[in-house]
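A.B. asks: Pasting in a structure now, in structure tokens, and then I'll have a few things to ask.
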Amino acid sequence: METQGASLSLGRWSLWLLLLGLVLPSASAQALSYREAVLRAVGQLNERSSEANLYRLLELDPAPNDEVDPGTRKPVSFTVKETVCPRTTQQPPEECDFKENGLVKQCVGTVTLDPSNDQFDINCNELQSVRFRPPIRRPPIRPPFRPPFRPPVRPPIRPPFRPPFRPPIGPFPGRR
């Protein structure tokens, strides 16, 4: 009797563990990584863009450390750069080379990690183009000439002038 009860209890536990094992991997497999969510947002930015060329992810700021539900919005910050591929191409932006002196944009906003909920709110602003200019060679700046420091010379201190002692000539009063 005890063995039947124990096997029934073991059967229930195995059923619960099996169900739990089936539910958890499917939920975690569906969630996108932070980088994948940003790449999807870049793809949608390219689709909605009216510019001639595609943009590709140039730099991704670190993900926030908080673990949240995949359906909630996560703040993102990244930089994209213009590629050589025209927007009409079917080629993924990751396979396109960056355009030399292409536009660079800083993007901030929110994305969700849930692939079924493709919501994102991203705003991109063009960064000032920073072009490399070789440094101008100028002669080194020399400080103005200053002679080495010398303390002021003081004349020696002399005692006040006293005439030399001369014994008196002649009889001295009080002496005989």
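Each residue, glycine too, has its Cβ placed from N, Cα and C.
Pulled from Swiss-Prot, these are the listed features:
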COMPBIAS  141-176  compositional bias 'Pro residues'
DISULFID  Cys85-Cys96  disulfide bond
DISULFID  Cys107-Cys124  disulfide bond
MOD_RES   Gln30  pyrrolidone carboxylic acid
REGION    135-176  region 'Disordered'
SIGNAL    1-29  signal peptide
A.B. asks: Which of the three DSSP-derived classes (helix, strand, coil) applies to Cys107 (disulfide bond)?
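C.D. replies: The three-state answer is strand.
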A.B. asks: By the DSSP assignment reduced to helix, strand and coil, which category contains Cys96 (disulfide bond)?
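C.D. replies: DSSP assigns Cys96 (disulfide bond) to coil.
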A.B. asks: Using a Cβ-Cβ cut-off under 8 angstroms and a sequence gap of six or more, which residues of the chain neighbour Cys107 (disulfide bond)?
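C.D. replies: Same-chain residues close to Cys107 (disulfide bond) (Cβ under 8 Å, separated by 6 or more) are Ala41, Leu45, Val76, Ser77, Phe78, Thr79, Val80, Ile122, Asn123, Cys124, Asn125.
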A.B. asks: I'd like the number of other C-beta atoms within 10 A of the C-beta of Cys96 (disulfide bond), please.
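C.D. replies: Its Cβ has 18 other Cβ atoms within 10 Å.
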A.B. asks: Are there residues of the same chain, six or more positions away from Cys85 (disulfide bond), whose CB falls under 8 angstroms from its CB, and which are they?
C.D. replies: Asn53, Leu54, Gln91, Pro93, Glu95, Cys96
A.B. asks: Counting across all protein chains present, how many other Cβ atoms fall within 10 Å of the Cβ of Cys124 (disulfide bond)?
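C.D. replies: Within a 10 Å radius of the Cβ of Cys124 (disulfide bond) lie 19 other Cβ atoms.
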